[in-house]
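Accompanying notes for the structure given below.
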Amino acid sequence: MKEKENSLFNSKMIKRAMKDSFIKLNPKIQLQNPVMFIVYIASILTTVLYVFSLFGIKDNSPSFILFISILLWFTVLFANFAEAIAEGRGKAQADALRSAKKDILANRIESIETKEKVSKVNSTELRKGDLIIVKAGEQIPADGDVVYGAASVDESAITGESAPVIRESGGDRSAVTGGTQVISDYIVVKVSNNPGESFMDKMIAMVEGASRKKTPNEIALQILLVSLTIIFLVVTASLYAYSEFASNQNGVINSTSVTSLLALLVCLAPTTIGALLSAIGIAGMSRLNQANVLAMSGRAIEAAGDVDILMLDKTGTITLGNRQASEFLPVDGANIEELADAAQLSSLADETPEGRSIVILAKEQFGIRGRDLSSSNAKFIEFTAKTRMSGVDFNGDEIRKGSAESIKKYITEHGGDFSDECEKKVEEIARKGGTPLVVAKNYKVLGIIYLKDIVKRGVKEKFSDLRKMGIKTIMITGDNPLTAAAIAAEAGVDDFLAEATPEGKLNMIKDFQKKGHLVAMTGDGTNDAPALAQADVAVAMNTGTQAAKEAGNMVDLDSSPTKLIEIVKIGKQLLMTRGALTTFSIANDIAKYFAIIPPLFIGLFPELSRLNIMNLQSPESAILSAVIYNAFIIIFLIPLALKGVKYREVSANKLLSRNLFVYGLGGIIAPFIAIKGIDILITMLGIV
């Protein structure tokens, strides 16, 4: 079963991360993070300088060099630990998935007609296009599409949800996933991929990070960080030569050591964000996995953070999706109780949510209870797509209910009359966003049942929050424009696309993209595939077809259309976290500059004492304090990098102002306080 991590850490994860921290000291791995590679080289150099100092070749006091060397190694290890702990969360999820994936015997058949002739083969021998039969109690050995039959399937190994789902041939519920189990009946499945290419294989690879590539934003930020590091490297290297020149000019001894300058370089380089950058990206992917969403790339998550157009399906996302009877509206002087009675009689054999709600409404409003008509020679008329109505013939009466067009046709063909009053009420209900069902008895209209598609509680507030963030919401529906406009107004969406077709959705996405917008949408059917392939963030439902899943760049394992809003929030949280910690890291440099530069060169330039605003005890204590802070701030920020900066539904300008205040100003003030405190402590302990 897919596990969800509720806590950031556990003992097993920490032990594995600590072990991996040392494994990551491999130079090839360190080279992947250029900023931390500089710290890695500085750690090696200070270690060599310490060994030299033991043989009398002194750059500084051996104890000072040893302290600096240990702290620099800790800085590298802490960075490795941050990345390893983020990867560990993914590995834990991958282990749970791998336990559900095992080689099993499959029942391969030649064709549906000869399904009784079964050959047993290992699941690893199955190839794309093979037909397999899976019976109750058996595990589905490979991904595919149901081409015959229907069955109840337990997908808890993938989704974590214990409730079984129906998978059947045809339509948008035909896709099945290897590793899931058939609970009842049997199905014939056409295998959709070769070994190693299954949905489960992709999930394991993604959550382990095996196929994770740096996103364009990550690469751009890393280029900035490397550029800053190179600048500081050049500056630090030139400082040694300049200090030698200045000491000769002033006739004083040059107290600036290579160890001190290496410590200065590490403190001034953006090591905090350099250490946490990879962990932030991995953690963003992990948070998405915990939300039961599989992203095909980190780029998709970042795009979710930049999205400014959300295309949302009405049914299931904005409305509850099951229309409920809310009112009986008599016409042409008909009695409302007679209308309710006729409506209930015509719905007694109707097992749809709408039919059951009509029976309940008649009982609640008029005390009319359901009756057993099986012994009364009642003849129930089932709803069909052709007639678009249902009903009952009972005690010589013909009762029908259905769409206005179908009932109008039915009664006019039998010499009845469809009044203007009825036409007006039908139009009025449609304008309000409801669905009118007309009820007729013996070719005479009694009235209308007002079916209301209930807008989900709280969606209007959600859309208002999204609007504040600069995100435009568009409702996609197959309803007529009048109904769509009414529901759109009630839900508070910015726009809508009524009577939506696959071509209409695709063209709308293209139009928005031409104007520079980033578009997100959800889909589950083969007809959604073109639009999903075009969208910047395309979330396919796990219950959807193989074509939809292949077209999307994310798959929602819970198949919940509302998940798109959560995905956008996770994407924005990822970008906010990266920006906040970058701001904090660069702001830190200001305090570290004032901590190290004045004490380091005060012997050459006494005037620099004015810049020693922290009044640190000595050059050695100042450098040690700054390096200690530089190392341990990484550990303190790991929980924030993994959990993410708290997300708020406010405008981009307000978010920017808040983050500049908290992480910019905070990034300047925090090191001043911490470095001064560390300086006092190490002086009291007599370390320097």
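Cβ atoms here come from the backbone N, Cα and C positions, even for glycine.
Per Swiss-Prot, the features are as follows:
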type	residues	note
ACT_SITE	ASP313	active site, 4-aspartylphosphate intermediate
BINDING	ASP350, GLU354, PHE383, THR384, ALA385, LYS386, THR387, ARG388, MET389, SER390, LYS401	ATP binding site
BINDING	ASP524, ASP528	Mg(2+) binding site
TRANSMEM	37-57	transmembrane segment
TRANSMEM	65-85	transmembrane segment
TRANSMEM	219-239	transmembrane segment
TRANSMEM	262-282	transmembrane segment
TRANSMEM	586-606	transmembrane segment
TRANSMEM	622-642	transmembrane segment
TRANSMEM	668-688	transmembrane segment
Same-chain residue ranges lying at least 6 outside the transmembrane segment (586-606) that approach it to Cβ under 8 Å: 228, 243, 246-247, 250, 252-256, 260, 263-264, 267-268, 270, 272-273, 612-614, 616, 618-619, 622-623, 625-626, 629-630, 633, 663-672, 675
Ranked by Cβ pairs within a distance under 8 Å of the transmembrane segment (622-642), the first of 219-239, 262-282, 668-688 is 262-282
For ASP350 (ATP binding site), the nonlocal same-chain Cβ neighbours (under 8 Å, six or more residues apart) come out as ARG356, ILE358, PHE383, SER390
Contact set, same chain, for the transmembrane segment (65-85): CB under 8 Å, 6 or more residues outside the stretch: 9, 13-14, 16-18, 20-22, 24-25, 30, 33, 36, 39-40, 42-43, 46-47, 49-50, 53, 59, 259, 262-263, 266, 271, 274-276, 278-279, 282, 623-624, 627-628, 630-632, 634-635, 638, 641-642, 687
Give the helix, strand or coil assignment DSSP yields for ASP524 (Mg(2+) binding site). coil
Between ASP524 (Mg(2+) binding site) and ASP313 (active site, 4-aspartylphosphate intermediate), what is the CA-CA distance rounded to a whole number of Å? 11
Reduced to three states, what secondary structure does DSSP give PHE383 (ATP binding site)? coil
Rounding to whole Å, the Cα atoms of LYS401 (ATP binding site) and ASP528 (Mg(2+) binding site) are apart by 32
All chains considered, the count of other Cβ atoms within 10 Å of the Cβ of PHE383 (ATP binding site) is 18
Specify the count of other C-beta atoms within 10 Å of the C-beta of THR387 (ATP binding site). 16
Determine, to the nearest whole angstrom, how far the Cα atom of ASP528 (Mg(2+) binding site) is from the Cα atom of THR387 (ATP binding site). 28
